[in-house]
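Asker: A single structure is presented below for examination.
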Amino acid sequence: MRRGGYLHPPRPRVPAATRQAPPFLPSEGQHWEVFQKVTEVFILVPALLGLKGNLEMTLASRLSTAANIGHMDTPKELWRMIAGNMALIQVQATVVGFLASIAAVVFGWIPDGHFSIPHAFLLCASSVATAFIASLVLGMIMIGVIIGSRKIGINPDNVATPIAASLGDLITLALLSGISWGLYLEQDVWQYIYPLVCAFFMALLPVWVVLARRSPATREVLYSGWEPVIIAMAISSVGGLILDKTVSDPNFAGMAVFTPVINGVGGNLVAVQASRISTFLHMNGMPGENSGQAPRRCPSPCTTFFSPDVNSRSARVLFLLVVPGHLVFLYTISCMQGGHTTLTLIFIIFYMTAALLQVLILLYIADWMVHWMWGRGLDPDNFSIPYLTALGDLLGTGLLALSFHVLWLIGDRDTDVGD
């Protein structure tokens, strides 16, 4: 059946005991029926994984800054911040999940010219449900981590954003695989199930809006914080289109398992750096103040990576974490036979080059963007991280796809591992 075409005619109901379990790893999921018949799900992957940057990591950065400057010291302030921020990310998750499904439908329809209503409703239901549940679970985890970090004297900036990035990838991939698989099994009654799932989560929006408006800390973000979230989602969707087109080619099937790794590590590191710079600036005033610390022109790479200030030192440390971190992930993938590409020396060299270049560019952009936003009176906690993690998704997916194409051209074409 052609990609983007209509679903198969209704199949006989499969007994629950004999149904295949949903795939929770990209290498397994990419061969499962829902990913093969509704390949637009691949376009959703970077956009929904980007939610950790658009929402959870922004939440972690915002709450970390509030904790560091003393805005969560009393129980009343603490619960007001928690309630407002949890309601806010549910509003943003529902809207972004819906928009991501529309982008996936459009990007999947344009190349082939085929539009499937069942596919569109399946993508919408899967995206909205995944975004909502993932944000709810991760939001509660982030709040617990930040409160615990403050009680034991650890800087939440160093703990919360890495955990948000790591758990965000795992939980979002698991939910997207499981929810899309479960909905696909109900394709014979899709006209009832899929719209009902979408309507249920949309009906909760007014409740979350009312709760978010009650908190002064989130009221402003509720009205002004949509631009970075939506633009970041669009950027991540372009990365999803690259992923969809690449893994659809059997010669590059192995890319699916490495994409969340390279994007997750890059987004994790740049979010830590952005959060640290933002906290440093908040300790010296409010956005728009101390303009001498927030130059509007682009800094030189030497200033970003080799100056003696604390943010430059943290950039060097984060950059040096790229190689050992990725070697651990590559070893884990190899041991689990989770990929479809033999980890040859030349592959590791190309992969590490792509990862190092991605993080190098992201750390440089973060240094400029956070200071530039601060100088314009914008809070970097709310505006910078969505852009940076979305750029990380786009850069990581694009550089990884380029590496796979170059490896194919020079003759490194072993894609049999795991088959």
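Using the three backbone atoms N, Cα and C, a Cβ is placed for every residue, glycine included.
Found this in TrEMBL, in case it helps:
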REGION    1-22  region 'Disordered'
DOMAIN    45-179  domain 'SLC41A/MgtE integral membrane'
TRANSMEM  86-110  transmembrane segment
TRANSMEM  116-147  transmembrane segment
TRANSMEM  159-183  transmembrane segment
TRANSMEM  189-211  transmembrane segment
TRANSMEM  223-243  transmembrane segment
DOMAIN    259-402  domain 'SLC41A/MgtE integral membrane'
TRANSMEM  315-333  transmembrane segment
TRANSMEM  345-365  transmembrane segment
TRANSMEM  385-410  transmembrane segment
Asker: Which of 116-147, 159-183, 315-333, 385-410 has the most Cβ pairs closer than 8 Å to the transmembrane segment (345-365)?
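Answerer: Stretch with the highest Cβ contact count: 385-410.
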Asker: Per DSSP, what is the helix/strand/coil residue tally across the domain 'SLC41A/MgtE integral membrane' (45-179)?
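Answerer: Taking each residue of the domain 'SLC41A/MgtE integral membrane' (45-179) in turn, the totals are 120 helix, 0 strand, 15 coil.
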Asker: From the DSSP assignment alone, can you count helix, strand and coil residues within the domain 'SLC41A/MgtE integral membrane' (259-402)?
Answerer: 112 helix, 0 strand, 32 coil
Asker: Under 8 Å for C-beta pairs, could you tell me which stretch among 86-110, 189-211, 223-243, 315-333 has the largest tally with the transmembrane segment (385-410)?
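Answerer: The stretch I would name here is 223-243.
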Asker: Residues sitting near the transmembrane segment (189-211): Cβ under 8 Å, six or more positions beyond its termini, same chain?
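Answerer: For the transmembrane segment (189-211), the sequence-distant neighbours (Cβ-Cβ under 8 Å, at least 6 residues beyond its ends) are 7, 83-84, 86-88, 90-91, 94-95, 97-98, 118, 121-122, 124-125, 128-129, 132, 183, 222.
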Asker: Would you mind listing the long-range same-chain contacts of the transmembrane segment (315-333), meaning Cβ under 8 Å and 6+ residues beyond its ends?
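Answerer: The answer is 257-258, 261-262, 265, 269-270, 272-273, 304-306, 339, 343, 348, 351-352, 355-356, 359-360, 363, 367.
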Asker: Counting only residues 6+ away from its ends, which parts of the chain sit with a Cβ under 8 Å from the transmembrane segment (223-243)?
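Answerer: Residues 42-47, 49-50, 53-55, 92, 95-96, 99-100, 103-104, 107, 255-256, 259, 263, 382-384, 386-387, 389-391, 393-394, 396-398, 401 contact the transmembrane segment (223-243) from elsewhere in the chain.
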